[in-house]
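Following: one structure in structure tokens, then a few remarks.
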Amino acid sequence: MITSAAGIISLLDEEEPQLKEFALHKLNAVVNDFWAEISESVDKIEVLYEDEGFRSRQFAALVASKVFYHLGAFEESLNYALGAGDLFNVNDNSEYVETIIAKCIDHYTKQCVENADLPEGEKKPIDQRLEGIVNKMFQRCLDDHKYKQAIGIALETRRLDVFEKTILESNDVPGMLAYSLKLCMSLMQNKQFRNKVLRVLVKIYMNLEKPDFINVCQCLIFLDDPQAVSDILEKLVKEDNLLMAYQICFDLYESASQQFLSSVIQNLRTVGTPIASVPGSTNTGTVPGSEKDSDPMETEEKTASAVAGKTPDASPEPKDQTLKMIKILSGEMAIELHLQFLIRNNNTDLMILKNTKDAVRNSVCHTATVIANSFMHCGTTSDQFLRDNLEWLARATNWAKFTATASLGVIHKGHEKEALQLMATYLPKDTSPGSAYQEGGGLYALGLIHANHGGDIIDYLLNQLKNASNDIVRHGGSLGLGLAAMGTARQDVYDLLKTNLYQDDAVTGEAAGLALGLVMLGSKNAQAIEDMVGYAQETQHEKILRGLAVGIALVMYGRMEEADALIESLCRDKDPILRRSGMYTVAMAYCGSGNNKAIRRLLHVAVSDVNDDVRRAAVESLGFILFRTPEQCPSVVSLLSESYNPHVRYGAAMALGICCAGTGNKEAINLLEPMTNDPVNYVRQGALIASALIMIQQTEITCPKVNQFRQLYSKVINDKHDDVMAKFGAILAQGILDAGGHNVTISLQSRTGHTHMPSVVGVLVFTQFWFWFPLSHFLSLAYTPTCVIGLNKDLKMPKVQYKSNCKPSTFAYPAPLEVPKEKEKEKVSTAVLSITAKAKKKEKEKEKKEEEKMEVDEAEKKEEKEKKKEPEPNFQLLDNPARVMPAQLKVLSMTETCRYQPFKPLSIGGIIILKDTSEDVEELVEPVAAHGPKIEEEEQEPEPPEPFEYIDD
């Protein structure tokens, strides 16, 4: 056994090259044991490597590399490993090889990423030897079937060629595509590179044996390529694959922005008829109404002459199909279907509201109860509670009246067809001026009904805002207009709101500043930013500044690194409200990206800024960035939740609520629990609201603490000595927990994994209730119906059942509160004589004997009852449209005997097109009527009598 390498090292000084080679081979064998000794002579080994004439210089490099590895000098070790060429065996499982490969990949990745950001002429050449090792690694991954590893490294090193090759060579191409798409959505932080990856994915999806159009369109939404989506839809219609086209349209509406959808609609409209065989005949630009009618006629004539044998009666069909697709893309269909689902399945427990109403004693809690009622009935059109308590409701005055009127917009969310009739009583009239608070609230309500789906109502609100003579009406009008025109970037709307902002009126300006951001949502419009930031730096009104702070952030929604320059300048501003705007801008620009740089910035501000509002906003913003990985949030904010600063604690609570909304995350709830007993009342308020955001729609089985929190809300509300702020939080929490008749959840991403824009905006503006209660209503934008709605080829709901393969109690509605029984008045005990006492004693003994005879029968009956209660089925059949919670989707399937087949997996949920495999007549689900005032009935007057001749006697 060798105890020293000195003898071998001395051979390196020999003249004979063979002896040196022999020494190197021996050293290579013992280097792991004697590296310390060899390191003293490593310069000799280096000299051998540098000697061009030495035959085994690669071997010298390998030995030198191993010595430097043991010394911890990884960079030198990597350089010599590269010099060793093929002698460095990437397939070896030693710690040395693993470490050097990791360093090699890191070094290569760094060079590739640096090169990617440089223009073509300035790119630095990459060491071919380095690339060689990385290529060997890729091959090793493919040989070992470690495809996910290869995809990960390929994306990190920006090697799209390897990325594509890996997917195509894998044994599960659809699985690898889904994995890659998920990586793109959640982990990729560079927008330009992400787009290149998506282009590759689109190419692979399209080249599959059976092209996966649904996923292609998901990629195209990310790429912001509406033209390609329109082309796919046209292609599907031409190929008579209508059901697939409808399914894609529903998915697009759920995931894409309004601008994207309107471009697709525009392209579909300007195509004439999809049958036209002339390639490239798509005319762009808006076609005026008169020409539109004549246009298709020309194309029909052309096709008739060009394509012989085409039947003329086939031409109107595609037009009808295109109209249906436009109806779906515009959101009209989805909104109608969700409204039907929410009305049909409304399961609100009015007892909760009644108890709260009886317990509240001041105007703040009165407003909170009105808001909670609107949350509980969001989209159900049921204003039963308000009708039953008109006298109580009438106590709302001034801005409370504004909030109460606007709450009708939340209750009737999506009830667009009768919106103007429903709200007629509250809207501004030409004849007599009504209450300004009521009219402003009415306009705000119209915006809430049509949020992110304005259509014709935008022009109505535009005119109302133009003609408004009162700052309160202008406030409501601006909010309503901002909501209805959300993300449209319409210039006329922007100009009118800007005019209202420049009037320098605090009340109008606050709403106008926020509305400007809503209209320009995610547009990154330089002019809008310049106008808004410029005015924010000039104005003296804090209210206007507050509105603009959120508005500026909204303009940068989803823009990621493109917003960095603006964020930098806002964060350096001396005005704390603009610094707060910087925090919101980080939240909006990087929402859902999990970007480390953004998180670091927010955490730094959270502990270093001198202003409490800025620190609170910074911590809240963490929730928006981390919502794709809610399990990470508790560890990020756990220390902040114990901060000495109550504003930071409040921010931590809200961040947990935003990030883990609807998940029932146990760690988050464990962090919030002690905060519900915080010595500072507004921290308790935040903890109560956040707990409801997390536990919305959770049951005792999915989240054991839900009932404990329900009781806590009730305790806080009914405690006469508790603080108003905590009570406000508890009342709102009750409303959030049972929102939408127990049929909605809150989720910041769509079912397909895209960031859900209305939800993000709704939650951000909701957090501003800290300054302005009426903004609480914005949370209704984030409510997503938890449903599976199956549709047939005519886009009607057929009668069909889904099978939920778990016990019904797992996802059941919570049991309603019991009406407390009235206590009987205690009777005063009367004096009893000794004789009567004896007589009663005898009677009792008689009864006892009789009871003993009866006992056996009754005991048997009791046992029977218990037996009946015991067995709970392991599955449940749900009727279409079905309430299916996100966690329940995994166990959902069609029944075995079902005649319908879904076009995409039921586990995704939402609106699903069903293919009918039977020729029998379909049974359809009857639509239900919406609630609310029925104005039409009142307007029907009796017909005038028949004309007759009046003869005077």
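Cβ coordinates are placed from backbone N, Cα and C, and glycine is handled just like the others.
Feature annotation from Swiss-Prot across K466, K666, K715, K720 places N6-acetyllysine at K720. When you go through K146, K165, K310, K793 in Swiss-Prot, the residue listed as N6-acetyllysine is K310.
S315 is the residue among S315, S432 that Swiss-Prot describes as phosphoserine.
If you count C-beta pairs under 8 angstroms between the repeat 'PC 6' (581-616) and each of 403-436, 476-510, 511-545, 651-685, 729-761, the highest count goes to 729-761. Taken together, the residues of the repeat 'PC 6' (581-616) have an average pLDDT of 90. Across the repeat 'PC 5' (547-580), DSSP assigns 26 helix, 0 strand, 8 coil. Look at the repeat 'PC 1' (403-436): DSSP puts its residues at 17 helix, 0 strand, 17 coil.
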